[in-house]
Amino acid sequence: MAYVPGDVALWPNLTGGEVIDVLGRMRGGLDPARRTEMLERFELDPRKRSRTYSKGNRQEVALVAALAARAELYLFDEPTSGLDPLMEAEFQRAVQELRAEGATVLLSSHILAEAEALADRVSIIRAGRVVQTGSLTDLRQLIRTTVVAETDRPADRLHEVPGVHDPQVDERRVVFEVDSHHLQAALTALTALGVRSLTAHPPTLEELFLRHYGDRVADPAS
Amino acid sequence: MSGQTGVLTGTWPLPRLSLRRDRLSLPAWLVGLGGLIVASATAVPAVYDTPEKIAGYARSVGSSPVSYLMSGRQAGLDTLGGVVANEISQVAQLGVALMVAFLVVRHTRAEEESGRAELLRSTALGRHSAAVVAIVLASTAAVLLGAVTTLAMLAVEVDAVGALTYGTGLALQGAVYAAVALLVAQLASSARGALGLAGAAVGVGYLVRGLGALQDTALVWSSPFGWAQGLDAFGRERWWPALLLVGATAGLLALAGWLTAHRDHGGGLLAARPGPERAADRLGSPLGLALRAQRGLLLGWGAGLATLGLLYGAVLPTLPDLVASNPEIADVFGGAAGAEQALVLAFLRYVHVFLALLVAAAAVASALRLRAEEESGRLELLLATPARRPQVLLAAVTVAALAVVVLSALAGLGLGVGELAATPGAGVADLGTRVVDQLAYGPAAAVLAGLAVAVVGLQPRWSVLAWAALALVGTQVLLGETLRLPDSVSAASPFEHLPGLPVEPFTVAPGAVELGVAAALVVLGLVGLRRRDVGG
């Protein structure tokens, strides 16, 4: 197992390179080629003493130590806090590679875009309990899709379709939410009115998250 | 933007912030150091209460090379004032220099390193403001300490002009080292580096003055310690060496100011040296890591203990003379005046116990590093590897045990070498005895370190208990006789049960029992650490 804590503290009188080696060896050895590659990708100077590193640098030391180890399970706790956007992108690339190699990655993050980009399965934890878990697709099933459409005839009878919630009709433009498993019925009703344009967006992880953390789901249409 | 930001803009609100931050550490320095000076100064008249005893002091100490090395050539040793000045000189002169060095670095380089200075500099604050505030603060502290020293001297009714001269010298010497600290804070890029350089400057100044005094050469005039002593308090009292102190302060401040203006904020003139890119093979285990992380700490303790032992060893041959001139000195370490050999042995026991107490302090500090590892989150990082808790705890225990053995041996070695060098007729066998005797006091240090391990394992928030126990034992050992502590309190001290080498003969049992107690405490710590959550 390789682990990167959210707030990385290192041994102040060791250099970054030494910390990487120590952690790697204690995990049962690290891959020297990968070590060199990761150091280059994260643009880290391994000869500096840990006490002189910035927060982002310390984070990178822990990341390089973890990524250069050949582990079955990688545990990242808020790994990109303190990283600049370039390094953040580099981290995402590295995680994709690990995934492709078949390793398991457990990522805890408040940056939902990061989780959305990287995760196969998502669990939402609130007050120490898992309140929702599943693949992103599964989770999306549980929430409404927002549909914006322009139709030839006003969609004034749309509220009769089951699963459709508060359609807002403004002349020929309609905005409504629909339970994901009733999408078919709603679209059938729409096409009957003659669709000119249609945009539908599935719930973002952020909306899922707010549903569990906020008192109610923020209205995506507003 | 309207208005200009000068180099000193915003200097006035800053001292209030600095004083607020120092509301504990500044009084602690002044009370601690001042108290020590007052206590030493006011204790002198009781010991040297007749003109004969003072004359005896002048004869023995006034011709002792060790005293020259440690306190320089103090004038007026045949007066009470001279004796007081000579007795407090080490604590006062070294103390004031170290105090201002800590204060200045704390308010300049340490602030810059932490990034707090950057936050302040983003307000309307001039470039030199922080430096000016630090210097004013440190100089004020030095002047206060000089005043306390003068008042303490006046309290024991010494010559008033002499007391004033001595206090002034002390304050001015403090100002010089405050300027030195400000200069090195511009050179080094880390607070530790700056403190190291400032400490080295203090150490070099002290040693150079000592060597100059020993050889009675002009070398003393190359050290601020020598300039302050050059004021000749309780002797001729001359004021021109004060010009050297003031001039040096002004010159160093100007140089530091020029450097501040010509460097980047956060940068130092001496770049931090790059370290190794790869870790050495021995680093790949909790033990290797613990050894490496504490290397600097242990080296520092080792050098300090060896030097201290060396000084005590060098004093040994002057002891009979000193006590002959003033029998009450023997009371301090519980030796009976009379038989010369018994006196030396009693002094040796006192030194052994004192050094062992310092070894115990180092071992407790080493054991408590485990707590620091946990608090910082580094322990978490380590435990996420296959390393297990008992392994990490035992690595810390091994380092602490190693500290007890190696530091005891170094302290004993210093003592033996000092004795060998200063005593005609001392043999290498004596050196061996000193090392072995010092090691025989090791089990007491082991018990105290074991207690620290147990506390960290069971209830880390109470780790201050380990220091409290050390303080209690220290009080019992050093002042037990004077304070007349009840036997039940004395019995709690592990030193009380060990054979009082070299006065008493060696027995194995007490030491073995104490090592057993230490091992049991470690087991307690192990059980505690396995049962509780890590990182609390």
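The backbone N, Cα and C atoms fix where each Cβ goes, and this holds for glycine too.
Keep in mind the model is a prediction, meaning the values are calculated, not measured.
Note on TrEMBL: of B:69-90, B:465-486, the range annotated with the feature transmembrane segment is B:465-486.
Taking every listed stretch (B:26-48, B:166-187, B:350-371, B:392-418) in turn, the largest tally of C-beta pairs under 8 A with the transmembrane segment (B:438-458) is reached by B:350-371. Segment contact holds for the transmembrane segment (B:296-315) and the transmembrane segment (B:392-418), given three or more CB pairs below 8 angstroms at sequence separation of 6 or more.
Remote same-chain residues near the transmembrane segment (B:166-187) are listed as 81, 85, 92-93, 96-97, 99-101, 103-105, 108-109, 131, 134-135, 138-139, 141-143, 145-147, 149-150, 153, 194, 197-198, 201-202, 205, 224-225, 227-229, 231, 233-234, 241-242, 245-246, 248-249, 252-253, 255-256, 259-260, 263, 268-270 (criterion: CB distance under 8 Å, separation of at least six residues from the stretch ends).
As a quick check, the transmembrane segment (B:350-371) and the transmembrane segment (B:465-486) clear the bar of 3 or more Cβ pairs under 8 A, pairs 6 or more apart, so the two touch. Taking Cβ pairs closer than 8 Å, the transmembrane segment (B:465-486) reaches residues 334, 353-354, 357, 360-361, 364, 367-368, 444, 448, 451-452, 455-456, 492-496 in its own chain, all 6 or more past its ends.
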